[in-house]
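Down below is the structure, laid out as structure tokens.
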Amino acid sequence: MSETGLTSSDFTEENEPFALFAEWLKDATASEINDPNAVALATVDENGLPNVRMVLLKGVDDRGFVFYTNFESQKGQEILGQKKAAMCFHWKSLRRQVRLRGEVEIVSDEEADAYYASRPRGSRIGAWASKQSRPLEGRFALEKAVAEYTARYAIGEIPRPSHWSGFRIRPVSIEFWHDRKFRLHDRIEFRRETPDGAWSKVRMYP
């Protein structure tokens, strides 16, 4: 890891942040002990009250940042309602952070099917058995549901539930933060007016 902070050589000539994120994620994959793709996901409910929780990033390209969930969960309902979200990655071992926010779209059925099929069989059963974010009267009820769906799909493929898919955050802001001495940190923000717009870049006071 460089100790010199963020320099002009860290960025593409096209002012495009996704390549820099890919490099930082690669560094985190080599450095972080657990789940380098873990990210805090922030949403808001219909009253503007925020919620935040950890999810796992499952894809990133120049279209945006992808994760998967139950659309009937709290986060699923809030995203479907507001169509906006924010993320924050923190890699303590690297003394780095990336924040982003933007509009949210649903991934294609083909993308969701492909990722769902790659999951362990038990996780695919869990997508059917868990009524995510709703009250659970006891652990036995969940285990019973798992057993029932395991029996139902004992042979053959397990189809993807219609309420389970992926979201893609299409960012309008991505900020890269690097820790430096005396809290004189480096902060570089990439901004654009719309998810399809051109990026501009600005250095921020720490």
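Quick reminder: no glycine exception, Cβ is built from N, Cα and C everywhere.
Positions annotated as FMN binding site by Swiss-Prot: Arg53, Met54, Val55, Leu56, Leu57, Lys58, Tyr68, Thr69, Lys75, Gln97, Gln132, Ser133, Trp177, Arg187. Residues or ranges marked as substrate binding site in Swiss-Prot (evidence: sequence analysis): Lys58, Tyr115, Arg119, Ser123, Arg183, Leu184, His185.
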**Cα-nearest neighbour of Lys75 (FMN binding site) within the listed binding-site residues, Arg119, Arg183, Leu184** = Arg119
**Asked** Cα of Arg183 (substrate binding site) to Cα of Trp177 (FMN binding site): how many Å, rounded?
**Response** 11
**Complete:** Of Lys58, Tyr115, Ser123, Leu184, the binding-site residues lying within 10 angstroms (C-alpha) of Trp177 (FMN binding site) are none
**Item:** Among Val55, Leu57, Leu184, which are binding-site residues, the residue with the most C-beta atoms within 10 angstroms of its C-beta
**Value:** Leu57
**Message:** Using a 10 Å radius around each Cβ and all protein chains in view, which of these binding-site residues has the most neighbours: Ser123, Gln132?
**Reply:** Gln132
**Request:** Among the binding-site residues Tyr115, Arg119, Leu184, His185, report those whose Cα falls within 10 Å of that of Tyr68 (FMN binding site); none is a fine answer.
**Result:** Tyr115
**Request:** Would you mind reading off the Cα separation of Gln132 (FMN binding site) from Ser123 (substrate binding site), to the nearest angstrom?
**Result:** 13
**Item:** Neighbourhood of Arg119 (substrate binding site) by C-beta distance under 8 A, where only residues 6 or more apart in the same chain count
**Value:** Ala127
**Asked** Taking just the CA atoms, what is the gap between His185 (substrate binding site) and Leu57 (FMN binding site) in Å?
**Response** 25
**Asked** Does DSSP put Ser123 (substrate binding site) in a helix, in a strand, or in coil?
**Response** helix
**Request:** Count, for each of the binding-site residues Lys58, Lys75, Arg183, the other C-beta atoms lying within 10 angstroms of its own C-beta, and report the residue with the smallest count.
**Result:** Arg183
